[in-house]
2 protein chains.
Amino acid sequence: MLLVQKFGGSSLATTDHIRRVAERVARTVAEGHQVVVVVSAMGDSTDDLLAKARDLSTTLPPREMDALLATGEMQSIALMAMALETAGVPARSFTGPQAGIRTDGQHGNARITGVEPRRLRQALALGLTPVVAGFQGEGPDGDITTLGRGGSDLTAIALAGALEADRCEIYSDVAGVFTADPRVVPDAAKLAHLPYSDMLELAAQGAQVLQTKAVEYAWDRNVTIHARSTFEEEDPGTVIDGHPSVTLSPVTAVALNTHIAKIGLTGVPDAPGVAARLFEALAAKGINVDLIIQSLSHDQLNDMAFTVAEADTDRAVAEAERVLAELHGRAVVVDRGVAKVSAVGTGMLGRPGVAARVFRALADAGINIELIGTSEIKISCLIAREHAHRALKAVHEAFNLGEGAIQVEE
Amino acid sequence: MLLVQKFGGSSLATTDHIRRVAERVARTVAEGHQVVVVVSAMGDSTDDLLAKARDLSTTLPPREMDALLATGEMQSIALMAMALETAGVPARSFTGPQAGIRTDGQHGNARITGVEPRRLRQALALGLTPVVAGFQGEGPDGDITTLGRGGSDLTAIALAGALEADRCEIYSDVAGVFTADPRVVPDAAKLAHLPYSDMLELAAQGAQVLQTKAVEYAWDRNVTIHARSTFEEEDPGTVIDGHPSVTLSPVTAVALNTHIAKIGLTGVPDAPGVAARLFEALAAKGINVDLIIQSLSHDQLNDMAFTVAEADTDRAVAEAERVLAELHGRAVVVDRGVAKVSAVGTGMLGRPGVAARVFRALADAGINIELIGTSEIKISCLIAREHAHRALKAVHEAFNLGEGAIQVEE
């Protein structure tokens, strides 16, 4: 088999970690497989580079930040290639550009526009194990561009797609995808399998295992992802592919996102185009809005509220203030103390009553719901952040997702 | 004017150093000049990478070592570009490959085979200050190759040649070229000017200011080098170019090399081809031999001795032992406690008696000469290392090179 194996920064924190990962890869090679290794930067090495950049620049120019941060992965590939050689596996390192990862050139958050893995194929044909720098690619002008959060996963999946690998294994210190965050819900169960659709929605709702754009890319190219633990080799992990979920439960897993904020506008006119004006202004600034509610208060004036990512809060408030002034509205109110709990599952398609079960679980726990958002395979509820962990447990419990509960998989 | 300014690792030890260098470059730009900046890796960052590599590999594969070590300069260019922006100078970083430095692909000690500075010309035309990673270039197969010791100087000189820059300024914590190492000879005088020929011989004899291959490249392309102090802006430094020296002294400067060893073979047959056999064997291993002496001892047996760089000693001894066994010679004797003092100057051409003055100076100081080597512009003497500093002072004094002495320059 041809496998792509990706190892994240926490699996590469020290040279000792690198040595252990190399030995793990060596065992896979010894079993007769071909392996392409994708690595992130070592542990906290990125933080050190960021500190130096912040010391020298307040603007952090994106092109130079990419040139700087990409060196972390470049160090990892050379060190990993050496460790593999020491473990008896002839290896060769490749930067993102050398591995043929082409991007649209957008610094800091580039999109992969093509993969030309000629040099990787050559290395494999010579019996060498390629070690590729994740998170980076070459823009149209030959500049280094980075792929944004979760970029190394995306590199691995893109290479697996281009090389038609049998599987893309994503290794981390988490042993797969769970029915809920096991740090919050101790009896959360590990899922043996998950369809792309559910994984995409879970990632969008705040699950940290994989980033949405990596899942989207895998879905589009039909790359089978295998999320596994780096140092617990016996653990089977979670397989993510295009097969439908076979669980009997309408909900596959429950996600929690505490990195959001709610922004409210009060006393805006109840007239056509008011909402459009606000959300167009936000979109123009590249701010993603998640949940939205609009309610008629009184005197032909509306209240509106929406949620944004925590990092976008200040910019979103600034835009909201600007639009509010134009509309002669009353006030902008920010609530940074919110959280969103989401039940996700392709299994809820065509099954009525799932939303009601979520609302009932929260109500029974005495937790007030501030906003609701739904898609065909997701129900999200905005709540006060102080209730976040209890809410996650309550919804998880309501669908019998715990390890003690019966899980039906093929 | 178009200037290339190269800053070494000690000038870039911390972010504070980088900021000061950026401000210096900004002043040059403010004077109306175009500048191409070439930088080395920050201070001791290379040592940290080396330690990690040694922890993971005993063989240190040259291709991966190049990939690893080149990241040091890649970090410097991004940080320097940010610091320049902060100092009000729009800048753009370029790796060696991006700057068009092409090499023969020999890892660890690559030769520059071509320079295609298209992107640097574009940047200059846009009013941007290019910042180029020294010490690195791209081999024929697209791999990163490093240029060996003094490689960043070579990068700067090669770019100055290709861009037809008016001058190549090499900045370091030494303010230029001195008549002797001022740490050993306190009254050593700074030379305002020096021809390539003298600089090349001085570098070959152990002067640390510039490496021989950088000087050779400059001489070949007729690039004027200006060696200056990074943080003493008023210091005029030393200009190195093709003009002959105008000093009245036959000796321009005196160099000392303590990183050598003497290897002797005793009791080898006095027959044709014996020396050839030994030195061919050493050459085949890439070991450079410097001084050589052969003397008839007795019974038709010869003694031979030669010097090599300290780093080559063990390999040279191994070869000598092998050849000695074949020749049924008596013994190989190693002396690691030697030093070489060299008087260098184009001024000694056609002036008799210079060698005698060197020998007389050492004799008066009670220092025994073990081996002698001469070229048309150099006299080298091998002595016991314990006398090295006294020998340097004695020869320096014998030619009145001190700061108190009269220096005649145009």
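Just so you know, the numbers here start at 1 and follow the chain as drawn.
Cβ coordinates come from backbone N, Cα and C, glycine included.
Per TrEMBL, these features apply:
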BINDING   B:Lys6, B:Phe7, B:Gly8, B:Gly9, B:Arg183  ATP binding site
BINDING   B:Thr46, B:Glu73  substrate binding site
DOMAIN    B:263-343  domain 'ACT'
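The Cβ of B:Phe7 (ATP binding site) lies under 8 Å from the Cβ of B:Val21, B:Val37, B:Val38, B:Val39, B:Ser40, B:Tyr171, B:Ser172, B:Thr230, each of these being in the same chain and 6 or more residues away along the sequence. Between the farthest pair of Cα atoms in the ATP binding residues (B:Lys6, B:Phe7, B:Gly8, B:Gly9, B:Arg183), the distance is 24 Å. Under the three-state DSSP scheme, B:Lys6 (ATP binding site) falls in the strand class.
Shown are the binding-site residues B:Lys6, B:Arg183; the one with the most C-beta atoms within 10 angstroms of its own C-beta is B:Lys6. According to DSSP, the domain 'ACT' (B:263-343) comprises 29 helix, 37 strand, 15 coil. In sequence order, B:Ser40, B:Ser152, B:Ile170, B:Tyr171, B:Ser172, B:Asp173 are the residues of the chain that are 6 or more apart from B:Gly8 (ATP binding site) and have a CB within less than 8 Å of its CB. All protein chains included, B:Gly9 (ATP binding site) registers 23 other Cβ atoms within 10 Å of its own Cβ.
Sequence-distant neighbours of B:Thr46 (substrate binding site): residues of the same chain at least 6 apart with a C-beta under 8 Å from its C-beta are B:Gly9, B:Leu69, B:Gly72. Annotation for B:Glu73 (substrate binding site): spatial neighbours B:Val39, B:Ser40, B:Ala41, B:Thr95, B:Gly96, B:Ala133, B:Gly134, B:Phe135, B:Gln136, B:Ser152, criterion Cβ-Cβ under 8 Å with sequence separation of six or more.
Model confidence over the domain 'ACT' (B:263-343) is summarised by a mean pLDDT of 89. Secondary structure at B:Arg183 (ATP binding site), taken from DSSP and collapsed to helix, strand or coil, is coil.
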